[in-house]
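Trainee: Here it is: the structure, laid out below.
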Amino acid sequence: MFRVVLVFSLLFSIFFSSSSAQTCAKYRFPKNQVFSSCNDLPYLNSFVHWNYEKSSGSLQIAYRQTRVAPSTWSAWAINPTGSGMVGAQALVAYQQSNGTMRVYTSQITGYKTNMGEGKLKFDVSNLEATHANSETIIYATLALPNDSSTTSINQVWQMGPVSNGNPGAHSFAAANTNAMGTLNLLSGQTATTTGGGSSRSRDKNIHGVLNVVSWGILMPIGVIIARYLRVFKSADPAWFYLHVTCQTSAYIIGVSGWATGLKLGNDSAGVQYTKHRTLGILLFILATLQVFALLLRPNKDHKYRFYWNIYHHSVGYSVILLSIINIFLGFEILMPEKKWKNAYIAIIVFLVLNAVWLEAYTWYVVLKRRRSQSAEKTLQGVNDRNGANGYGSRTPQYV
């Protein structure tokens, strides 16, 4: 069992390590633009892509922010004088009420800025923005100083509400206040002012691996074991111990993944995935009830065993269904490369197909067994009647 867990963990570790590559390096821009470098920023569902010519100081930039509502502004900035908001030279974009995009430059001179339009300390050309499928992209070409020291820049990125057609104050949640750091234009390395970017990315990977392996794979396998192996008398009581081992392992691993998800939520107060979080909490509650139900399981001949079975099966199948739904919500959040999502779909299809043919085969076994038992009872009844007529168990003789 633990070898199976190890194999699946390895598989999905590869998947989650590739998920950042899909959201960044393998992203296809609507106009087929190509950028040589990119980085998955640790906060606010943001990504920065760029081409940099050190000799001329030309920086071609594309800043992406996903899960952006139409009434939300997005901004990316370089701060040549510090690491924070004040002094930032910003590119700002948002969708106006008529559906068109407004994109402009703005110098951030204070914390109570209204992000008014203004010229930056460096030239900006090819400035444009798009908004489609809840994603805002800002394009621009910046003319940075072409001296040898311009290899790393201080970047700031942000989002906030649009009120009465103008940008309003952004949230002061941790995700917003931490959305700043350095970007090495040559190596592509980034660092946040809090140093939490790599840690958060690692926690996301761990959260995904643990939950896919536990809720998404081990739990369904445990249900298949219980439903179909128990039909075969030779598998009793081995099926029960396999079922308990599989589900207990899934529960322990799943709770670890659930706890990691709570930590991610607490560390990223500005990023809310309400459905995903709510389903995760509900799954933890239902799975915990299943554990306690196992401890309170009545004997087979107990009068309440029938009702316990109904409860146990109903909650178990609900957990499986909700787990798969929540995993696909997780796919939408992480946006992994499509082939990895397809790989999980293939696993689910494989389990479903096995469940279908096992369902048919076990029904065949059960019905055949019932017919055999019925025939034995009929024969026994005939023998009993013959015995009552004085023939005993002998075969009647006809003349």
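Including glycine, each Cβ sits where the backbone N, Cα and C put it.
TrEMBL entries are annotated by machine, without manual review.
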Trainee: Per TrEMBL, which of 114-135, 378-399 is region 'Disordered'?
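Mentor: Checking TrEMBL against the ranges 114-135, 378-399, the region 'Disordered' one is 378-399.
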Trainee: Please compute the mean pLDDT of the model over the domain 'Cytochrome b561' (174-367).
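Mentor: 84, rounded to a whole number.
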Trainee: For the binding-site residues HIS207, HIS243, HIS276, HIS312, which one has its C-beta crowded by the most other C-beta atoms within 10 angstroms?
Mentor: HIS207
Trainee: Given that the record lists HIS207, HIS243, HIS276, HIS312 as binding heme b, what is the largest C-alpha to C-alpha distance among them, in Å?
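Mentor: The two farthest binding residues have Cα atoms 27 Å apart.
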Trainee: With DSSP, how much of the domain 'DOMON' (44-160) is helix, how much strand and how much coil, in residues?
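Mentor: Across the domain 'DOMON' (44-160), the residues distribute as 0 helix, 65 strand, 52 coil.
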